[in-house]
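The next block holds one structure in the form of structure tokens; read it before the comments.
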Amino acid sequence: MNYKAESRNGTNYMAAPTLIGAYACLFGAFWAYTGFTTSNFTNWLLENTLTIPFIILLYYLNRWHKFSALAVSLIFIFLMLHVYGSQHTYAENPFGDWVKDQLNLQRNHFDRMVHFGFGFLLAYPMHEIFRYKLRLANWLTYLLPLEITFSMGALYEVVEWLVADIFFKEGGADFLGMQGDMWDAQKDIALAVLGTSIIMLHVFLVRKRLGAK
């Protein structure tokens, strides 16, 4: 990743509207495609319950703080991974099955890849807000993404359980994607935190090497 795209006053160059528009069109088309071709429409609806509110939140966040091209690209990749996972249920994701066969694994780990991606891909956009918009103390710009990832990961697991248990008891197992692992939720949270830790350490070391804080 390149963190050199900073102006002399310390702010990131914003992503071009054309880039955001292109990503929006690609995502919209892919989102519709997964909905039309899903093998489990009820699960697809469940998995995408928070997708639209999240996109609306991103829209207003980008009006408040103009994200860099890097941040927008990372968010786009995460959204595409999530929607791809919802197409066939996370437990039956084709790429996850391929990895499972290649590495002789006991379960489909695509859900864990996406949880890791939640931390790895969304931590930098959070860091960018804290660093350039809110101008917090340097150490907080690295710590807060870690704490938010931990909190949001735990909150998501609770919401996921409540939605499955209250509204979709029959399809809840597919939605939760535990695949027989009683510690699935804890492992998902841990992987998200690991992803955030790795990317924040990477950003810190790159900036240190470049002579920036």
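Even glycines carry a Cβ here, placed using N, Cα and C.
Curation does not apply to TrEMBL; its annotations are automatic.
Remote same-chain residues near the transmembrane segment (12-32) are listed as 5-6, 48, 51, 62, 66-73, 76, 79-80, 83-84, 128, 132 (criterion: CB distance under 8 Å, separation of at least six residues from the stretch ends). The transmembrane segment annotation in TrEMBL covers 12-32 (among others).
Look at TrEMBL and you will find 44-61 (among others) tagged as transmembrane segment. Here the transmembrane segment (44-61) has long-range neighbours at 31, 34-35, 38, 67, 75, 79, 82-83, 85-87, 89-90, 129, 159, 163-164, 168, 171, 175, meaning same-chain residues at least 6 beyond its ends whose C-beta is under 8 angstroms from one of its own.
If one looks beyond the transmembrane segment (68-85) by at least 6 residues along the same chain, the residues whose Cβ comes under 8 Å of a Cβ in the stretch are 1-3, 5, 12-16, 19-20, 23, 26-27, 30-31, 34, 47-48, 51, 54-55, 58, 62, 93, 95, 110-111, 113-114, 117-118, 121-122, 124-125, 128. Per TrEMBL, the feature transmembrane segment maps to 68-85 (among others).
Long-range Cβ contacts of the transmembrane segment (113-130) within its own chain (Cβ-Cβ under 8 Å, at least 6 residues beyond either end) map to 1, 12, 61, 65, 67-68, 70-72, 74-75, 77-78, 81-82, 85, 90, 96, 136, 140-142, 144-146, 148-149, 152-153, 188-189, 191-200, 203. Positions annotated as transmembrane segment by TrEMBL: 113-130 (among others).
For 142-168 (among others), the entry in TrEMBL reads transmembrane segment. Long-range neighbours of the transmembrane segment (142-168) within the same chain, counting only residues 6 or more positions beyond its ends whose Cβ lies under 8 Å from a Cβ of the stretch, are 42, 46, 49-50, 115, 118-119, 122-124, 126-127, 130, 136, 175-176, 185, 188-189, 192-193, 195-197, 200, 203-204.
Annotation comment: TrEMBL describes 188-206 (among others) as transmembrane segment.
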